[in-house]
Structure formats: C-alpha cells, structure tokens
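Pulled from Swiss-Prot, these are the features on record:
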- 23: active site, proton acceptor (ACT_SITE)
- 68: active site, charge relay system (ACT_SITE)
- 130: active site, charge relay system (ACT_SITE)
- 14, 27, 29: Zn(2+) binding site (BINDING)
C-alpha cells in the first residue's frame, strides 16, 4: 500500500450547541486538513495520484463549502438563516455538532467518497487541526 497526503487550510466559524464553556459561542479557527489517500500500486507514471487532482477536487470542495463559512448544527438553522440573510455569510449545516471530530467524519464518510468515487485510490485517513496544538484523526 502506498500513501500520499495533501494539506489544505481554511478559515471557518462554528459553535457547539450544549457545550458548557466558551465553545458554545460563535467563534472561528484556522483549520488545517490533511487528507491521506492510498492505492495498492502506482499508475503508469509512478504516482498514486497527481497532487493537483487532490487540490482540484478536495480543496475545491472545501473552498466552496467550508472556507470563510459558518459550520453549524442543523439545529442552529434559525441562527444560520438570520446571519446569512443579514450578512450574506455562507453557512454549511451538519447533522451533528460541528466539532472537529464530526467535521472530519463528515468529510471522510460522506464527502470524499463521492468526490473520489471514480478514482483508483481511496481516503485512508483524515487529520483535522482546529488549532496548531489540537487535532483529530479519523
């Protein structure tokens, strides 16, 4: 198995419904996403994947949906819609609280399989840094 990793950075805001400290309030992070993909063999050029393809597909999706957006729990739709209508702010809703864990799981299990379904590689690992010192891995 041969693995390759691509790093993507994006800025987004979120809040955690029901959290008992400051994370219950709207706040933002400079997220760093590391996507590790794997294949059994390289292609005829000796690559698992052209890193440009990962950039085009994964970073393209992240830029369109997450970058400079609010990532909210679908239970926060009232707040999200008010912010969106007053400011034009992009809002992305998750089924669960937008913790780093849930964002990483959403990307690995729901988004990336669809983005990469026609490719000869698969996503093995997602690492999402919420801060330079804190990350989750799925």
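Cβ from N, Cα, C; glycine included.
Take the CB of residue 29 (Zn(2+) binding site) and look out to 10 A: across all protein chains shown you find 17 other CB atoms.
Taking a C-beta cut-off of under 8 Å and a sequence gap of six or more, residue 130 (active site, charge relay system) has these contacts in its own chain: 29, 31, 100, 136.
Counting in whole angstrom, residue 27 (Zn(2+) binding site) lies 12 from residue 68 (active site, charge relay system) by their C-alpha atoms. One residue stands out among the recorded positions 14, 23, 27, 68 for having the most other Cβ atoms within 10 Å of its Cβ: 14.
Comparing residue 14 (Zn(2+) binding site) with residue 23 (active site, proton acceptor), their Cα atoms are 8 Å apart once rounded. Rounded to a whole number, the C-alpha distance linking residue 23 (active site, proton acceptor) with residue 68 (active site, charge relay system) is 18 angstrom. Excluding 14, 27, 29 themselves, the residues of that chain whose CB lies within 8 A of the CB mean position for the Zn(2+) site are, in sequence, 12, 13, 15, 23, 26, 28, 71, 130. Taken residue by residue with DSSP, residue 130 (active site, charge relay system) is part of a strand.
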